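Here's the structure, in structure tokens; my notes come after.
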Amino acid sequence: MPIEANMDDEESPPLIEPLLEHNNHFPVFPLHRSAANTTSQVAIVGANVCPIESLDYEITENEFFKQDWRSSGSLQIFQYICMKWTLCFLIGIFVGLVGFFNNLAVENISGIKFVVTSDMMFGRKFGLAFGIFALSNLGLTLFSSVITAFIAPAAAGSGIPEVKAFLNGVDAPEIFSPRTLIIKIIGSITAVSSSLHVGKAGPMVHTGASIAAILGQGGSKKYGMTWRWLRVFKNDRDRRDLVTCGAAAGIAAAFRAPVGGVLFALEEMSSWWKSSLLWRTFFTTAVVAIVLRALIDVCNSGKCGLFGKGGLIMFDVTSANIEYHLADVPPVLFLGVIGGLLGGLYNALLDRVLRIYNLINVKGAAYKILLACSISIFTSCLLFGLPWLAPCRPCPADASEICPTVGRSGNYKKYQCPLGHYNDLASLFFNTNDDAIRNLFSKNTDNEFHHMSILIFFVTCFFLSILSYGIVAPSGLFVPVILTGASYGRFVGIMMGSRSNLNHGLFAVLGSASLLGGSMRITVSICVILLELTNNLLLLPLIMIVLLISKTVADTFNGNIYDIIMKLKGFPYLESHAEPYMRQLTVGDVVTGPLQFFNGIAKVRNIVHVLKTTSHNGFPVIDEPPFSNAPVLYGLVLRAYLTVLLRKKAFLPSPVPTGIHAFEQLSADDFAKRGSSKRDMIEDIELTAEEMEMFIDLHPFTNSSPYTVVETMSLAKALMLFREAGLRHLLVVPKTFGVRILVYFVEPVITVSILERHSVVASVLMQRSPVVGILTRHDFMPEHILGLHPFLFRSRWKRLRFRFSSLIKFFRTNQHVTVSGFAKEDMLSMSHISTARVTDCSIDT
């Protein structure tokens, strides 16, 4: 008997598609869905909406490349290994130099600004001091936003979500281009120097990844730099390894924390890891540390202008031994809980602010720049005006430096106070973020900051870091979160007073750890980075406790900040776990059509037609009679390979199978993947009418061992296979090639029978295609799955999330199905963006 579906039952509809209505007496076979997957196909890269592709991490095993591998001798293998280690060495050198140059430029640009402003304040020229301070900040912000908006929009933001998505298999256009790298460096310097509450750690991760990706591209024909010895790395797998090393080097250069950089790449960035990659990232970050150490020694000799004491971020809070007892644990636990609550609130507010900024940014470059300038003016007013609320404090008799401070940095800013006094709030606001953190982390300074000054500073940093992140300029979150956490950590230390053996500087360190754990949900790497920053291993147990508690508390509210940003941007990121509702579905329930495939020997005209009328990147190759007894799945051929064959005109006059030796005009370099978004287009290939009637033997260029799954496999298992193997295409094959179909005939039967009219059920045996469909990463996105099976949205298992009634508007997530990570109402504001405005983007499926 056929299965009847009750379509009114939304809670438990059938997972099997009902049979279509028949036509006359002919059997009607079940058809797969013809609606193509249109969800999660675009993402916001920088400030532009771009089509998104996946990366080819899978090894293509075909006869052509097998012959190339067999021809490789020991010398080529040795050359490959040596070149990869050499590239890691060069990445460490270049990232170390860029990190040092960034810090040197920020220190000197900010130093000049603060020195001039302080001189005006000493002369009691307060109005002129504010004018110089605000205009310099506005000029730096304007410069950073203009070059980012008009030259390289992909350089906006921190870049960590883009790099994390790339290592997951998402190819975002232009994120690693040379102009993005240059604008990232220059824009980050000017944005951080403009006193915006942004950091340079995130941009340094993006910078390191960009340097690694460019070095692995094997030169550039456009600029006449073709390095033949680097062409072996022109594939996504080696580029992924190099980008991972570059991301680790970026963190190492930003915080001078080589081990923390390796762990950050392992814990947060990379979706795929192996032991050899661990050694290469460790070697790369070690090179960065050596380069920084050598350059800092040069600056300590006074040859770097206004370069701050101690060089790069290095908060030496621990020259003396630290002693803590059991009575000091409750305050540490309290810091962890507060950090988790604040981290969840921080992420929720940033999510809401970024959605609002998106409504402004889609209006055009002028609105983006106007938003950035408005945030700069607002920031300057707060930084200059709020210190007037702080009382003047007398200089301590045992001060370790001159009081009030003379010059740019120091703990004792005079500001508007009389001689012999200082303004503690100005000491925090009128410094770079690095120096402000150093002041809060400093030891033996328990009496230098008033509790109200610390509270004002915390509230200001908390909201300014949220407002400053979404502007069209390179900006990071690491340093602002560290600074904000350090301020409330010191506030808790002040409130504890003599009831704790920990000094206020250590409370500041623990506060930074708690907010980092609550916002970014990273534990191991953050712990090591803070230990390397403070140069004190004795803090390890306390930092571990704080991080574990803050992450646990924050996880009850929302996800980590980088995952939130990736979702807002629309990147089709594959999580390391499958949602429980995916186990209720099979891969056959989500695969979509129509399916395009080629015969083993295909006509050029057919190939050109399919490539021009579709945007698929992989096509099954099926051998049919007379080349095989029955339809057989031979493998999968990529669009890039087809365009190369068409461009090289590797044609045959007749549909006759040929060997690999018939294509001696082709080499492995012809199929090497060039840089991101640089590929042959079918529209650029010119073919004559005679050539269109010729044939191509696809067998030598087809991946004869693609990953396949049976259509009855659960979607959760397929997701794990897809992610862990780093796939781009996953073929779905039928469980049986012969299937018995129930066909209904509703006709009057003209025979002698008890029933004059009745239904007759016949069974027909048909032969199915050897491939049902292809799964890509977009098919695993919740938007696509819940669009096909909306009943799962209501009944699916959700994580436990607590929400306070007073913060419902900030914590509430839209309950409708989203498109590309944005709620439908947010996408409406982007509907007017035409494809002509989508610059520097590649077509993708």
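Positions of Cβ are set from backbone N, Cα and C atoms, glycine also.
Copied from TrEMBL, the annotated features are:
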TRANSMEM  85-106  transmembrane segment
TRANSMEM  126-152  transmembrane segment
TRANSMEM  242-265  transmembrane segment
TRANSMEM  277-296  transmembrane segment
TRANSMEM  332-349  transmembrane segment
TRANSMEM  369-390  transmembrane segment
TRANSMEM  452-471  transmembrane segment
TRANSMEM  477-494  transmembrane segment
TRANSMEM  506-531  transmembrane segment
TRANSMEM  537-557  transmembrane segment
Contacting positions for the transmembrane segment (85-106) when only residues 6+ beyond its ends and CB under 8 Å are counted: 185, 188-189, 192-193, 200, 204, 207-208, 211-212, 215-216, 230, 233, 242, 245-246, 249-250, 252-254, 280, 283-292, 295-296, 299, 304-305, 307, 311-313, 432, 434
Same-chain residues near the transmembrane segment (477-494), Cβ under 8 Å, at least 6 residues beyond its ends: 158, 197-202, 254, 313, 331, 334-335, 338-339, 342, 346, 428, 433-434, 436-437, 440-441, 446, 449, 451, 454-455, 457-458, 461-462, 464-465, 468-469, 500, 502-516, 519-520, 561
Among the ranges 277-296, 369-390, 452-471, 506-531, 537-557, the one whose Cβ pairs under 8 Å to the transmembrane segment (332-349) are most numerous: 537-557
The transmembrane segment (369-390) and the transmembrane segment (452-471) contact flag, 3+ Cβ pairs under 8 angstroms: yes
Cβ-Cβ under 8 Å with the transmembrane segment (506-531): same-chain residues at least 6 beyond its ends: 251, 255, 257, 259-260, 263-264, 266-268, 315, 317, 322, 331-332, 335-336, 338-344, 346-347, 437, 440-441, 443, 477-478, 481-493, 496, 500, 537, 539-540, 542-544, 546-551, 553-555, 559-562
